[in-house]
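TrEMBL annotations:
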{"type": "COMPBIAS", "residues": "289-298", "note": "compositional bias 'Pro residues'"}
{"type": "COMPBIAS", "residues": "300-310", "note": "compositional bias 'Acidic residues'"}
{"type": "DOMAIN", "residues": "122-217", "note": "domain 'LRAT'"}
{"type": "REGION", "residues": "1-75", "note": "region 'Disordered'"}
{"type": "REGION", "residues": "275-310", "note": "region 'Disordered'"}
Amino acid sequence: MGNQVEKLTHLSYKEVPTADPTGVDRDDGPRIGVSYIFSNDDEDVEPQPPPQRPNGGSLPDGGDGPPLPQPQPYDPRLHEVECSVFYRDECIYQKSFTPGSAALSTYTPENLLNKCKPGDLVEFVSQAQYPHWAVYVGNFQVVHLHRLEVSNSFLTDASQGRRGRVVNDLYRYKPLSPGAVVRNALAHVGAKERELSWRNSESFAAWCRYGKREFKIGGELRIGKQPYRLQIQLSAQRSHTLEFQSLEDLIMEKRRNDQIGRAAVLQELAMHLHPAEPDEGDSNLARTTPPPGRPPAPSSEEEDGEAVAH
């Protein structure tokens, strides 16, 4: 079975039957988490197009036309999605914008260096881009998965001009020692393409810090029930929950939400999902009604094993 899962990660869409013989999936109800078995390294920064005139022409360097508007400072509360991740009944990840919280404050790359210690996880963020994760290994350097290769770069270069923050506390797994985190990261420098066991920079960096196989490609079988839940906070009183068969798939969806932005996620949910009204007396949560016949996930605990670097 392990070989079959490995093979799945390299199939093309033509080799896999769709849910409908016509190739069209009907949107009959709430979305259950999808499997991202073909995506890889989804976060390369695309070059920005030159500024355009209102009639479609480019503005010459230092040329005519009204000045371009100044870019707005990055605000996580405007661009990012507040969410929690559960494995069965255990919360394993949480991004919260509680009043007064400075945990998600961002810094310029130069100021971020003053806050980093070896073994820290660093996240670089920017509007309309996938977040980029890296492991700080000391001496102003990080190890990160970028463009299908694990690289050792200076933090300022890896940021590509984006603001960043230390994100050790987003995942709630027990971390390895700082030395083990750094060794995990450095041991894979130079790995590329088919040698990789991770789909994106977040999965690689999180594996380095926590050593859990769930962050790797094919680390879990996508069969049976969906033990993972992504709870998206719609407002102070309402949330929506998506279910996934693997942490790998859930991370891909969570990253897609960060890339398209909070406003687009809320609009997408409003258009395509139909959350049920909360029961009387339950003002804290609005859930989408699960498909008929889906039994509740059992409440057994996750095996707390730690992988080591190979």
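Residue numbers in this text run from 1 along the chain shown.
Here the Cβ of each residue, glycine as well, is placed from N, Cα and C on the backbone.
The model shown is predicted, which means the values in this text are computed figures rather than measured ones.
For the domain 'LRAT' (122-217), the mean pLDDT of the prediction comes to 97.
When the domain 'LRAT' (122-217) is classified with DSSP, helix, strand and coil residues number 30 helix, 29 strand, 37 coil.
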